[in-house]
């Protein structure tokens, strides 16, 4: 039996490479016959896809060559993936879930992203005990870590990078800002800008929800309206938007566009002269420049997570050794600890 993870993050691959890896990993979700053949009848997987990482956590009872196959598929794209199995896999996910492996150390969004990835996977397909246990314990230990360890508020945030970028391009608090999607990142950016005095904040979401901002219906959305700044954060592609084109985006001179989606909402061979288009690679580079040695102050916290991972790994080994083979694969866990 093998339990492991293969993936890449902002450290190993640029945005273009991460997009290609995400498309390859999504093939496992799109083709159940292919994934069953790849992982075996008793195997399965969970995809963790965020702005800064693309990972596949897998379990297989029979195929011990899965790791090498995954590494080969990802490496063929020019990326340099990492891989962990067993205890190292536990330690990695625990560190990821705690936020200690994030671009901005200690950020909290990753806990929710891991939770949603797990819920999606167990809703879409049967998961074996190993993956249920791994993700339940990672979520529990990540939550415990945040409650027991005092983490200083990040000096550098994505919100601060956005604010500085708007200042750099001459935007003011009177400008009109459009947020596509009521996503977590858009909400954080809007909250930060609102605190800085920005008042013309408008959201456009597919969902009909009550929010503390002005809204525009999707049916009434026009990119030719005088929005000075547009934030794409809805996990949609360009084809999902009526009237979205390079021409419509460039219809407002000096417009600044942030594309937080990975894969990107749209890709441009070169940025037009009349508008400024910025993606997550730009955000990552700006954050890393400001942080310099970004993980220097977090090393002291890692033994805490390593100890928690070892404890849960030992529990997993004991439990899995007593589970009949007929119960290795289960569609519903007995206990969900979030």
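Keep in mind that glycine also has a Cβ here, set from the backbone N, Cα and C atoms.
Residues or ranges marked as active site, nucleophile in Swiss-Prot: 51. All protein chains shown were included, and the count of other CB atoms within 10 Å of the CB of residue 51 (active site, nucleophile) stands at 21. Look at residue 51 (active site, nucleophile): DSSP puts it in coil.
Sequence-distant contacts of residue 113 (substrate binding site), defined by Cβ-Cβ distance under 8 angstroms and a gap of at least six in the same chain, are 48, 50. Look at Swiss-Prot and you will find 50, 51, 52, 53, 102, 107, 108, 109, 113 tagged as substrate binding site, backed by sequence analysis.
Residue density at residue 182 (NADP(+) binding site): 19 other Cβ atoms are found within 10 A of its Cβ, drawing on all protein chains shown. Sequence annotations record features per position, and here Swiss-Prot assigns NADP(+) binding site to 181, 182, 183, 184, 185, 186 based on sequence analysis.
Here Swiss-Prot flags 92 as site 'Important for activity'. DSSP gives residue 92 (site 'Important for activity') a helix state.
Sitting within 8 Å of the Cβ centre of 50, 51, 52, 53, 102, 107, 108, 109, 113, and not among those site residues for substrate, are the Cβ atoms of 99, 103, 110. Around residue 92 (site 'Important for activity'), taking its Cβ as the centre, 23 other Cβ atoms fall within 10 Å, counting all chains. A gap of 13 Å separates the Cα atoms of residue 183 (NADP(+) binding site) and residue 51 (active site, nucleophile). Using Cα positions, the member of the recorded positions 51, 182, 184, 185, 186 nearest to residue 102 (substrate binding site) is identified as 51.
The binding-site residues examined here are 102, 108, 186; by Cβ neighbour count within 10 Å, the least packed of them is 108. Residue 181 (NADP(+) binding site) sits 15 Å from residue 51 (active site, nucleophile), counting Cα to Cα. Cα separation, residue 52 (substrate binding site) to residue 92 (site 'Important for activity'), rounded: 15 Å.
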